[in-house]
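Chemist: Quick one: the structure is below, and I'll ask about it shortly.
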Amino acid sequence: MVPEGLIAHGRGECFDYLIGEETREFARKAIRAAAAALLLAKHPVISVNGNTAALVAEHVVRLAEEVLARIEVNLFYRTREREELIAGVLREAGAREVLGVGEDASATIPELFSERRRVSPRGILVADVVLVPLEDGDRTEALRRMGKTVIAVDLNPLSRTARAASITIVDNVVRAMPALVEEVRELKKRPKNELQAILASYDNNQVLAEALDFIRDRLAEIASSMRGSSTR
Ligand code: ATP
Ligand code: MG
């Protein structure tokens, strides 16, 4: 694990505290839209970094099986060793194919300058829908400019990732991924036009605003109950 991964995790925990460590209605709406987008996609890809592999490798594999998505390793701090380690964790969790390791990451995302610009020509490069749990803002913006539908999982509704993504699930990835697998299993039974309607009526800015409203109201309630139990 690189220290940056631990720092990002701590930032996430702080926001999880603010939403009360539960999957809220704004996250449910985003999970529903994300499931519809993944089921309608022609080339869905799940992008996996170190934190995602450490926290939810098994659910990544299950989700990939349900929506026939490819799994691609994508690291900010790319070394062959870290790529292989993360691919190993995914294979252990049942993945049959892992893209983005070594020479496979031979294509580049325009305008990005970190090692995160390197992607697989069979994966993210040609994907129409990319699920990026715990993504960085620069990369989310670059993927959007390439015309892709980007689904992010990010506890911080104010991050650049949250604001740049097409669909932002404001929830802890350890709760969001199992919920997404469940939702996909449910929506699989529905006709295509129903999935299209779910997507068409989804408004990400509205959902992010609901997350901020929720945090504000929750903090106001907690503050007022503290005043109520105050002795002076
Ligand atoms: P951005 O680049 O999008 O502006 P950032 O630079 O603050 O955001 P990054 O390190 O690029 O953050 O990405 C990590 C993001 O992942 C943070 O916004 C953090 O809140 C979020 N995060 C960390 N752990 C979790 C988790 N377990 N579940 C969901 N989100 C998480
Ligand atoms: Mg960032």
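From the backbone N, Cα and C atoms, a Cβ is placed for every residue, glycine too.
What TrEMBL says about a protein is an automatic prediction, not a curated fact.
Pasting the feature list from TrEMBL:
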type: BINDING; residues: Arg11, Asp154, Leu155, Asn156, Arg160, Thr161, Asn172, Val173; note: ATP binding site
Chemist: With every protein chain in view, what's the tally of Cβ atoms within 10 Å of the Cβ of Arg160 (ATP binding site), excluding that atom itself?
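Modeler: I get 16 for this one.
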Chemist: Helix, strand or coil for Asn156 (ATP binding site)? Use DSSP.
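Modeler: Asn156 (ATP binding site) sits in coil per DSSP, no helix or strand.
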Chemist: How many neighbouring Cβ atoms, not counting its own, are there within 10 Å of the Cβ of Thr161 (ATP binding site)?
Modeler: 22
Chemist: Count the other Cβ atoms sitting within 10 Å of the Cβ of Leu155 (ATP binding site), across every protein chain shown.
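Modeler: A count of 26.
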